[in-house]
Amino acid sequence: MLALGLLFVVFIGSANALPLPHCDNVTIVTREEWGAQPSKSVSYMGTPVSIVFIHHTAMSECHTKDKCAEEMRVIQRFHQVDRGWDDIGYNFLIGEDGRAYEGRAWDRIGAHTLGWNNVAIAFSIMGDYSHKLPNDAALDAVHAMIDCGIKLGKITPDYKLYGHRDAGNTECPGQQLYDLIRTWKHYGRLGNEPLVKPTPIPYQPTTYTSGTY
Ligand SMILES: [Zn+2]
């Protein structure tokens, strides 16, 4: 019994220090690489989630790893200091450099879509997509990240995809990007019907739980 208890402690204790799982067809820039501040507090959600939200940051776009890393630090400061959140709000952010940037990653409850944070994973493209579309590199990265989430067991294969505005009073993810995601196969609200919130799943640490926060 003692041995079992110790094993449990070791497993939980090491869960936060595992490297972020690799994803095919997209490079993920870790928090360490972009110079993240530590999270003030961490809470986990159960996966796979069946909901994916698409956002834009409505701030600057970026086209190189250096610029996107700098933008990540700006957004994290805005969320942690000005908004008073625990950490950068989204699970992952996407740059027009075609990379994904680790926010709260796969298992952590974010601060992105009020009322839905414990049942959904959010990808936010860095930029303002009210009057133009993200470039192909960014859009390809979003698709690769969703595919990766399915492969890792973080997103259900039959997930529903929404824009932030489908669940809240906001322009996000920008009119142009919103019009585009409504053409995607998994878009879940063509008839403008109200969203149905799934029951949150209890959190279970797995070997794919990752990150240092
Ligand atoms: Zn949003």
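Backbone N, Cα and C define each Cβ position, glycine as well.
The disulfide bond recorded by TrEMBL for CYS23 joins it to CYS148 [selected from CYS68, CYS148]. Looking up CYS62 in TrEMBL gives a disulphide bond to a cysteine among CYS68, CYS172, identified as CYS68. Fewest other C-beta atoms within 10 angstroms, among the disulfide-bonded residues CYS68, CYS148, are seen around CYS148. Following the DSSP three-state reduction, the secondary structure of CYS148 (disulfide bond) is helix.
Straight-line distance linking the Cα atoms of CYS23 (disulfide bond) and CYS62 (disulfide bond), rounded to a whole number, equals 21 Å. For CYS148 (disulfide bond) paired with CYS68 (disulfide bond), the C-alpha to C-alpha distance reads 21 Å.
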